Amino acid sequence: MGAEALPQAEKQKRAPRPNYNQIHALPLPLNTYPLPPLVPHNPLSLLQIACTFITQLLATPHSHPSTLYQAYFSPETRSVHVVDEDAIRALWERGFFGKGSLSRSEPSWLDREKRRRGLLIGETSEEATRRRREERKEFKKERARKEREIIEEKLQQENNHGVSSQKSLVPELSGGILETDHVDGTRKATETPKDTSNDSPTGHVSQLPTAPKGGSNLVASDKKPEASQNGKFGSGADSGMTRAKGEPLAAPASLTDLGAEQINNQEHLQLSLEEAFFLAYGLGVLEVRNQPSQEVISTASLFSLFRQHSYFPPASMDTLQPDDPFLTSYIVYHHFRSLGWVVRPGVKFAVDYLLYNRGPVFSHAEFAVIILPSYSAPYWASTSERRLESRKQKSRSWWWLHCVNRVQNQVRKSLVLVYVEIPPPSSLKSSVTFLVTPELADNACLPSSTDISQWLRRYRIREITLKRWIPNRSRD
């Protein structure tokens, strides 16, 4: 009864699983107001649709938040930081923008700290990932141990079979003494056989190293750690901490004192340059400020500022080119975000972006994106210097492609090569009206915010999907 009651008590203490369908109901940080569904066999649904349409037509609801989300640009990290907790939750829950500065993805440092102090029940995403990895690690150790035991048992059986076959060829001995007669038969010689109990029966078979005596420790123990005296922590190390010489350590602060103190959230949301510009320019829900002066950076200034800081060290305005890293990456980011994909960084899998159908909490990424600039315009082949430069920018080796494709195949993702057609600089200057802005230190000429769309329209995107052909998986 006691053994059965313990798991039930643990299940009661376990926090319920979050309802991600409700938390991440909105794909973007915008409010949408859809019309009621049409029911063909119910005429009243038409009346409801008409009333809703007239109401929204007379009093149009606002899709954007009442106050824009505030952030500041950090040139040291080349990213945009959001420190307001409400803005952090809104940007993460509505589109999975950014990552926590002290977390793997979702900003969960505060929850982990509360759980460490015993103020919160449940586990965060990082803890769940760590637990699954430990379980897989222990499973692999246990599997290797069992395989080693099977091999040793098989070798032992073969050795025993070899000993029995060898004994059948040796004549029977009486008392361990072999009596021999000389030719004349008058004298007898006795010979005591050599003790071969320690020798190998075959003379060349050596025993493999056996599993260590503590091999059972490889399996995860079912024993629960002893509870401490206060009853809130389950670690026995807290109640028996001693120094190396046996001297007791100072007693830690009580849990009630730790819980009584207000925990300051030391984590902020870190947005990439592409995410910040999409929120500021594409959606219009983010204001980026200059950290020292706290002045709002306009969209035109933000566009050139991000282009400059896409290089390291930051480039000057005179050296910016149509194939800037920020331009090519943002065009691809904006393209897939407009198609409804959740775009996340793909450094973990050696790619530029990962495409999720709804988000990381619902399923794994389906596609891995690599951005490749393409210089097919005649301008890039007009001179030898331009040909060499364009060839250097787009050249990739065959083994690099196979290596990346193999990695994506191992993690069940489809590799997508996105070619961005780079227009010549003359076409960009002819399609953009420039103005002088005082936000930047050099008062450089920047495209106006209304002409950024004209600038981006000059780029073209081509998508090619690659799949690694494996004979065993491609049989008809």
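Backbone N, Cα and C define each Cβ position, glycine as well.
Within the same chain, the residues at least 6 positions away from Tyr356 (active site) whose Cβ sits under 8 Å from its Cβ are Phe96, Trp341, Val342, Val343, Arg344, Phe362, Ser363, His364, Ala365, Glu366, listed in sequence order. Taken from TrEMBL, the feature active site applies to Tyr356 (among others).
All protein chains included, His364 (active site) registers 11 other Cβ atoms within 10 Å of its own Cβ. Sequence annotations record features per position, and here TrEMBL assigns active site to His364 (among others).
According to TrEMBL, the active site annotation covers Lys413 (among others). Residues near Lys413 (active site) in space but far in sequence (CB under 8 A, at least 6 apart, same chain), listed by position: Phe349, Leu354, His364, Ala365, Glu366, Phe367, Ala368.
The annotation compositional bias 'Basic and acidic residues' is assigned in TrEMBL to 135-156 (among others).
Per TrEMBL, the feature compositional bias 'Polar residues' maps to 157-168 (among others).
What TrEMBL lists as compositional bias 'Basic and acidic residues' is 179-197 (among others).
According to TrEMBL, the compositional bias 'Polar residues' annotation covers 198-209 (among others).
When DSSP labels each residue, the domain 'tRNA intron endonuclease catalytic' (326-420) comes out as 44 helix, 23 strand, 28 coil, counted as helix, strand and coil in that order. Sequence annotations record features per position, and here TrEMBL assigns domain 'tRNA intron endonuclease catalytic' to 326-420.
TrEMBL lists 126-249 with the feature region 'Disordered'.
Per DSSP, the compositional bias 'Basic and acidic residues' (135-156) is made up of 22 helix, 0 strand, 0 coil. Across the domain 'tRNA intron endonuclease catalytic' (326-420), mean pLDDT in this model comes to 92.
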